[in-house]
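Q: Annotations per TrEMBL:
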- 93-113: transmembrane segment (TRANSMEM)
- 99-301: domain 'Cytochrome b561' (DOMAIN)
- 133-154: transmembrane segment (TRANSMEM)
- 166-187: transmembrane segment (TRANSMEM)
- 207-226: transmembrane segment (TRANSMEM)
- 238-260: transmembrane segment (TRANSMEM)
- 280-300: transmembrane segment (TRANSMEM)
Amino acid sequence: MWLPRQPKCISDLILCIITPPFSQATANSDSAEAWSESARQLPSASRAVRYKYNLICEIAGRRVSRVSTSAEASNVAQVMEGMPLSMGSLRTLPWYVAGSQVLGVACVVITGVWMGHYRGGYAWNGSAQEFNVHPLCMVLGLVFLYGDAVLVYRVFRNETKRSVKILHALLHMMALIISIVGLVAVFDFHSAAKISHMYSLHSWCGMLTFVLFFLQWLLGLGFFLFPWASAHLRSWYLPLHVFFGLLLLAMSVGSCLLGITEKLLFSIMETYSRFSGEGVLANILGLLLVCFGVVVGYVVTREDFRRPPNPEEEALSVHFKTLSEGEIPSSP
């Protein structure tokens, strides 16, 4: 009969669950008793460590005791890794991600060509060329980089969650900085040209999107990257964070569409109805923005593309605060 070695540190405890005994010699009903016996033999330790070890041993005992055939072992391994039984759907994930990047880059390039070729280029002197910085920065920041930040949890499926969180926050920070540059450009232009601020539907929707995005970023830092909230509060806020993340992407795309229409009506109202080159290019930009948002939303909401859960990582994350305080959670 196989018995786990007596743990001396937290890494030994995690090792018990990472390398469970799936050999035929241990795949029997006595294995669970072996885990429990080892838990009882644990030397004097803190209540938190004893609870964590008992929890891991209980899970591992259930896993080995239920494995009686090689087919069942395969199914259990797949379920524990959070992976679908059929891997065919995951083969399409790289194609969707690549398609989203092509669409996103195309949106940025077309916006740059539109403002650079048809609207006279870029400057920072209060002129109309300074205004051109605004649409380029907003498409780059609040659409492309924001969408990529949403996708990181689907692209980096096997990286540590901490690393993915940091990348997620950094991409959002880049989007935030670039968006601030775009907002300063348009307010500076309006002030120099004696144009009223915040009078159009585009400006209202755009500012609402930016403010909500900034709040979402701050809450994400506080709840997840530098967690100060309890595990219960984080689990309550997580669905809201995901929902508003997708909602803000849709609001960003919608605000861009309003801005495109407003710019075209202000600039080429007389020739817009005659399919002028600038108008057609702007319309194509609008369609690409919608396609980018749809592809990103589809990848994020499809269950097959979800990041596979890591039982050890999740357990340590959820129980870290209570275990570090020497308390036993009310429910494992």
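Every residue, even glycine, has its Cβ placed from backbone N, Cα and C.
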Q: Cβ pairs under 8 Å with the transmembrane segment (93-113): which stretch of 133-154, 166-187, 207-226, 238-260, 280-300 has the most?
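A: Top-ranked stretch among 133-154, 166-187, 207-226, 238-260, 280-300: 280-300.
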Q: Give the nonlocal contacts of the transmembrane segment (238-260) in its own chain as ranges (CB under 8 Å, at least six residues past its ends).
A: 135, 138-139, 142-143, 146-147, 150, 200-202, 205-206, 208-209, 212-213, 216, 219-220, 223-224, 282, 285-286, 289-290, 292-293, 296-297, 300-301
